[in-house]
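A.B. asks: Pasting a structure below so you can have a look.
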Amino acid sequence: MSKYHVNGIRDDSNIKEFSTLDAATQNLILAAIEARKSAYCPYSNFAVGAAIRTFDDSIYTGCNIENGAFTAGICAERTAAAKAVSDGKREFVACAVVALQDGLFTTPCGVCRQFLIEFAKKDFPLYVTKSDLPPYRVLCTSIGELLPKRFSLT
């Protein structure tokens, strides 16, 4: 497999072909791709979709929702997480994030990383890909890898 630049770092060991992923992971990614279609992003035109799998195998999806008062917007990952938590699901086991950014995989922002890890009983996989169908390349990482020194009150 040839090497690609991912977020400025040469990285090929964490990049997998979509077709090689198990069916549950593919379904999670496809749910995020579908969620991206509902993004409300009239200011940036940067649509993002996310899907979170909870401990009971439920999938919650979310999209980014922008606002004219920029800080009032919410990222796709936190939208999906808020939907899960409001349904009483407070243990996440996997997450997929989908966006279309040339040359880069769009990983969760710092706020979303902290928000997601709050609901991680243990490290969980995070799959990041672009929005093309079918997605071909997937960055396979984990929430702990993206946020190794989490903030915690406990």
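Every residue, even glycine, has its Cβ placed from backbone N, Cα and C.
The active site, proton donor feature in TrEMBL is assigned to GLU77. Residues or ranges marked as Zn(2+) binding site by TrEMBL: CYS75, CYS109, CYS112. Residues annotated as domain 'CMP/dCMP-type deaminase' in TrEMBL: 23-154.
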A.B. asks: Ranked by the number of other Cβ atoms within 10 Å of their own Cβ, which of the binding-site residues CYS75, CYS109, CYS112 ranks first?
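C.D. replies: In terms of Cβ crowding, the pick is CYS112.
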A.B. asks: Show, in sequence order, which residues other than CYS75, CYS109, CYS112 on the same chain lie with their Cβ within 8 Å of the centre of the Cβ atoms of the Zn(2+) site.
C.D. replies: ALA76, GLU77, ARG78, PRO108, GLY110, VAL111, ARG113, PHE115
A.B. asks: What average pLDDT is reported by the model for the domain 'CMP/dCMP-type deaminase' (23-154)?
C.D. replies: 94
A.B. asks: Tell me which residues of the chain lie with their Cβ under 8 angstroms from that of GLU77 (active site, proton donor), as long as they are six or more apart in sequence?
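C.D. replies: GLU77 (active site, proton donor) has long-range Cβ partners ALA50, ILE52, GLY62, CYS95, VAL97, PRO108, CYS112, PHE115, LEU116.
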